[in-house]
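To start, the structure under review is shown below, and the notes come after it.
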Amino acid sequence: MLTVLLLTPLIGVVGIILGCSTERQSRQVALLASLANFALSLVLWGEYDGNCGHFQFVQDWSSVTFCHFIIGLDGISLFFVLLTTFIIPTCILGTPTLTSVSSSTANISAVKSFLITLLVIETLLIALFVVLDLLLFYICFESVLIPLFLLIGIWSHSQHKVRASFMLFLYTLFGSLFMLLSFIGIYMSIGSTDYQLIATSYIQPEVQNIMWLGIFLALAIKTPLVPFHIWLPLAHTEAPLAGSMLLAGVILKMATYGYLRILLPLFPEASSYFTPLVYTLCTISIIYTSLSTLRQVNLKSIIAYASISHMAIATMGVFSNTVQGIEGSILLSVAHGLASPALFISVGVLYDRWHTLILPYYRGLTSTMPLFSLLFFVFCLANMAVPLTANFIGEFLSFAGAYQRNPFITILASSSVVLTAAYTIWTYNRVCLGSPSRYLNPRLDISRREFYLLFPFLLLIFVLGIAPLVVLDSLHFSVSSLIYSKISPSLPWPLTRRPRPRSTSGWRGSAGWRRQFGVKGFLTSVC
């Protein structure tokens, strides 16, 4: 089934190239392929067994490929795949301006290329989340850069689009070189790049530290954490709407997935050793970017800097080494992948009407666009992580796990609650409240298409905020296997390989453990 999930967008690409002669047909084929993939991912979720922590739907194509091509799915990668297949159809629906120009042959070719780029990105992202080999992970991690570079450099209407695309490409490529060196070092030490084989192998702690730093640098640039964040605000500002939605919705989650799939299970001692460094960078990122957001005048830059702060909170949850923190980081990543694209769509609604993103030009939209103002207010609440939204549950669990790891740093980082509310309320006040702006002519409220595009985001944000166990129940065993299969750093290291418990039976699978360590039991004890 995972193979079909990977091939469906490529079938859509072939259909666009061979069977579409108009823009409308191309869009219909691309939308059909992406929606079919989303439906298939929902079927995959329905068939997924959340009561075991090992990989499911495993398919091994090593006998017919030149490399160790093996794919599989667990609770950690499941929701990143679902998020990817959900975001791509909204990217296609959210860019109608490409089809509103003349229907010349050149424009039809441009639309086809744009849609093909989106479908190729979908295939590469899904492959990144399901491959079980370090070499294939690196190939997919880097391959996403190429269509994303074209997406920003070709289809953006900004003056600085080339500079933004090159900054995105060069920044992430620079960090990925160190990741490649670390992967080569792993292969030279163990003789394989298979996740599951490496997870049962012993690597000297000193070697772990060096390899960990190389991989962390690449992922910290992709997160991004301060001081590696310079590329993101520019890329968001200059990218077209689909590019901004992809960056905020899925691309930034590649780093979170890399932490969970590579650094924690393969380098447990190095992850524990460098946790103070990670927490320091995350706290600086949270405070610095929150204060920087208060000084921004571009609407896209405001959302971009806010994304850095939220992903830093998720990173703190990942390195908390607790069930609550890791599950909260995954839920926060999914929630951020819903709230931020919705905010970018809202900003795109304003740009389509007045062709400016400069904040001082906007004021008093509640009098002319009441429905838009209401939806924008709800998404701002989600960005602030107020109760009943998925962002609140994710941030709460991330901070709860981080507090168990380092209370002082977590208290400093929790200042983001106040700072996020400050810049979000300030932005909404400038855009929607007050008297109407004298710089802008009145325009119609959001159209039916724009409402239908925003409504799924609105629905999912509240559904996951009210019933977070929809996600968390599928994460318990995968996250517990990730934590409790690692050897404690306090134990003396043997000279030979030490077996790691993988069984889901006994005390780890019992109801008593679920009550004591599970997120559901944690929420019950708090409430």
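Cβ from N, Cα, C; glycine included.
Proximity of distant same-chain residues to the signal peptide (1-15), defined by a Cβ-Cβ separation under 8 Å and at least 6 residues beyond the stretch ends, is recorded for 29-30, 32-34, 36-37, 40-41, 43-44, 47, 57, 59, 71-73, 81, 85, 88, 116, 119-120, 122-123, 126-127, 130. What TrEMBL lists as signal peptide is 1-15.
As annotated by TrEMBL, transmembrane segment applies to 6-22 (among others).
The feature transmembrane segment is assigned by TrEMBL to 68-94 (among others).
Residues or ranges marked as transmembrane segment by TrEMBL: 106-129 (among others). Cβ atoms under 8 Å from those of the transmembrane segment (106-129) belong to residues 5-6, 9-10, 12-13, 16-17, 20-23, 26-27, 29-30, 33-34, 37, 71, 77, 80-81, 84-85, 88, 91-92, 95, 98-99, 136-137, 140-141, 143-144, 147-148, 150-151, 154-155, 242, 246, 250, 254, 257 of the same chain, restricted to positions at least 6 beyond its ends.
Marked as domain 'NADH:quinone oxidoreductase/Mrp antiporter transmembrane' by TrEMBL: 133-420.
Summarising the annotation, TrEMBL assigns transmembrane segment to 135-156 (among others).
Here the transmembrane segment (168-190) has long-range neighbours at 134-135, 138, 141-142, 145, 148-149, 152, 197-198, 201, 203, 207, 210-215, 217-222, 228, 230-231, 235, 266, meaning same-chain residues at least 6 beyond its ends whose C-beta is under 8 angstroms from one of its own. Annotation source TrEMBL lists transmembrane segment at 168-190 (among others).
The annotation transmembrane segment is assigned in TrEMBL to 210-232 (among others).
Marked as transmembrane segment by TrEMBL: 239-260 (among others). With a cut-off of 8 Å between Cβ atoms, the residues of this chain six or more beyond the transmembrane segment (239-260) that come close are 76-77, 80, 83-84, 87, 90-92, 94-95, 114, 118, 121, 125, 128-129, 137, 141, 144, 148, 151-152, 155-157, 161, 164, 215, 218-220, 222-224, 232, 300, 303-304, 307, 311, 314-315, 318-319, 326, 329-330, 333, 336-338, 340-341, 344-345, 348, 482.
TrEMBL lists 272-291 (among others) with the feature transmembrane segment.
Annotation source TrEMBL lists transmembrane segment at 303-323 (among others). Here the transmembrane segment (303-323) has long-range neighbours at 223-226, 229, 232-233, 235-237, 244, 248, 252, 255-256, 259-260, 264, 271-272, 275, 278-279, 281-283, 285-286, 289-290, 292-293, 296, 329, 332-333, 336, 340, 343-344, 347, 383, 391, 394-395, 397-402, 404-405, 410, 413, 416, 419-420, 423-424, 476, 479-480, 483, 517-519, 522, meaning same-chain residues at least 6 beyond its ends whose C-beta is under 8 angstroms from one of its own.
Among the features that TrEMBL reports, transmembrane segment is placed at 329-351 (among others).
Under the heading transmembrane segment, TrEMBL lists 371-393 (among others).
The transmembrane segment feature in TrEMBL is assigned to 408-429 (among others).
The transmembrane segment (272-291) makes no contact with the transmembrane segment (371-393): fewer than 3 of their CB pairs lie within 8 A, with pairs spaced 6 or more apart in sequence.
Long-range contacts of the transmembrane segment (371-393) within its own chain (CB-CB distance under 8 A, at least 6 residues past either end) are made by residues 306, 310, 328, 331-332, 334-336, 338-340, 342-343, 346, 349, 365, 417, 420-421, 424-425, 427-428, 431-432, 445-446, 451, 454, 457-458, 460-466, 468.
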